[in-house]
C-alpha cells in the first residue's frame, strides 16, 4: 500500500528532476564556453579577439531578452490567475538595491557608447552594439525581477528551467567580463606603483588593450575612459545580484509551498541611533582613508609606505570593533531560548552558502599574507601591520557569518502590543463575571475600581449579589486582582528585558551593515594593499600571486556587499 501511494509522486517528480539536471548542465556548459573565451582574450590567444567574446555575450543577452519577453507576454494573458509566491524571495529592499546598481550600469553603458563613437575608426562594431544590447537587457531584466522574482512557476516547467538557468549564467558571464576588465585596469596601475616602492626586480609589462588610433575629442575620451573604471564596481554588483535572484527563481520552479501569512518587516530608524552613529563615523573615515590612499600611493616610496600603514591601522581598528560587536550579539543569542526555523527556503539557503563561499576569497588572501610575512627574509616596517590585519579578517568573517546565519534562521518573535491592555475575564459560578485590572491601570496607579458595579456581558445574567455575600465577593476579587497584578508586573519585566536585547541586536546589525559597506569601498575602488604591499610578490612570485589576487578579490568584494544586504534583512527581522 505504501508503494502504491508513493509511486505517483515519484513518477511525477522524476521528469522534473531530470529537467533540473539537464538545465543545470546546459547552464554550466554555457558558462564554461564563455569562461574559456574570456580567458583566451585575456591572454591574447591567437585568433581570439575581443569582438569574438562580445559577440558571444550579445548572443546570450538576445536569447535571454526573447525568453523574458515571452514570459512577460504569457504572464499578461494569465494575469487573472492566482499564482503561488515565495514571500522570502525578492525582498523590496533587494529590488531597490539592484535598481540602483542598474541605473549606474546604464550610465556605464552610455559612457561605453560615447567611447566607441570617439574611437569608431579603429574599434570593432561589436564594441558599439554590446553597450546598446546590454542597456536593453538591463532595463528589461530589472522590470522582470520587480514583477516576477517571487513567482513559483507551475506551467511549462521544463522550458522555464532552461530559460531561467540561461539567464543565471548569462549574468554570471557578464559579471566575469566586468571583473576581468576592471582587474586588468587595476593590474596595470599596480605594476606602475611597484616601481615607486623599490621592487625594481619585478618585470613590468603593461597589458594594454587601448585602441590603436587617435580620439576625435581628447577631453571626452579621457572622461569616458576614466569614468568607465569607476563605474565597474556597481556593474559587477548588479550582475551578481541579478544572478542570485534568478537562481532562487530557478530553484522555486515546481515547488510546493505552504501558505502562511506574510509578516512585513519594514526597516525603521527608531532605536538604532547608536549603531547608525558609530557606523557613519566608520563610513566617513573609510572614505577619507581611501581618498588619501589613492592620492599618496605610487607618488614616492615614503608616501606609499605611509599610505599602507594608515590603511592597516584603520582596518585593524574597524575589524576589532566588528569582532567585538559580533561576539556581543552571539552572547545575547546564547542567553535567549528561541527555536530555529528549519523549513525549506531556497533564498535563505543560498544566502548562507554565499556567505561562507565568498568569505573563502578573503581567507585565501589573508593566509597568503600570513605565510609571506612568516617566510620572507626581509620585512619592511609597514608589512608587519599586515599580520594583525590578516588575522582579524579571518576572525571577523568567521564571527559575522555565525551571527548572520543564526539570525536569518531564527524564528521571528511575534509580539502582540494589545497584550499590554488585555483584560483577563474570569467566569465565576456560571453567572458572575469579574474583570481584572489591565497592565496600563497597574502601571499608572489606577488599579482600584471606580465603582462597585460589574459589567453585564450577557443578556439576562445576574449583575449583583445579596448584601450578606458582598463581603466574600469583594475579598475574592481583591485576591484575584493582586494575583493578576503580580502576573502583569512579571510580564512587563520580561518584556522590558526582551526589548533591551532586541534594541542592542538592532544597533549591532545597523553598525555591522554600515561597516560592511565601508569595507566594500576600498577594494571596489582600487585601494588594494594585497597588490601594493609587494611582500607577497617576492615570496610567491609576481605572476602566481597576481593570479591568486585576481581570482579571490571579486569574491571578497562581493562578500561585503552580500553581508551588508543580509544584515539589512537581520535588522528588519529583529
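Cβ atoms here come from the backbone N, Cα and C positions, even for glycine.
Matching 198-223, 354-379, 380-405 against TrEMBL, the residues noted as transmembrane segment span 354-379. Given the ranges 271-295, 421-445, the record in TrEMBL names 271-295 as transmembrane segment. Which of 150-172, 173-195, 311-333 counts as transmembrane segment depends on TrEMBL, and there it is 311-333.
For the transmembrane segment (271-295), the partner stretch with the most Cβ pairs below 8 Å, chosen from 93-117, 129-146, 311-333, 504-526, 538-559, is 504-526. The highest tally of CB pairs under 8 A with the transmembrane segment (229-250), across 26-47, 93-117, 354-379, is held by 93-117.
If one looks beyond the transmembrane segment (504-526) by at least 6 residues along the same chain, the residues whose Cβ comes under 8 Å of a Cβ in the stretch are 186, 189, 230, 233, 271-276, 278-280, 282-283, 286-287, 289-290, 293-294, 311, 315, 318, 321-322, 325-326, 328-329, 332, 400, 403, 407, 553, 556-557, 560-561, 563-564, 567-568, 570-571, 574.
Highest Cβ pair count under 8 Å relative to the transmembrane segment (53-72), across stretches 129-146, 311-333, 354-379, 538-559: 129-146.
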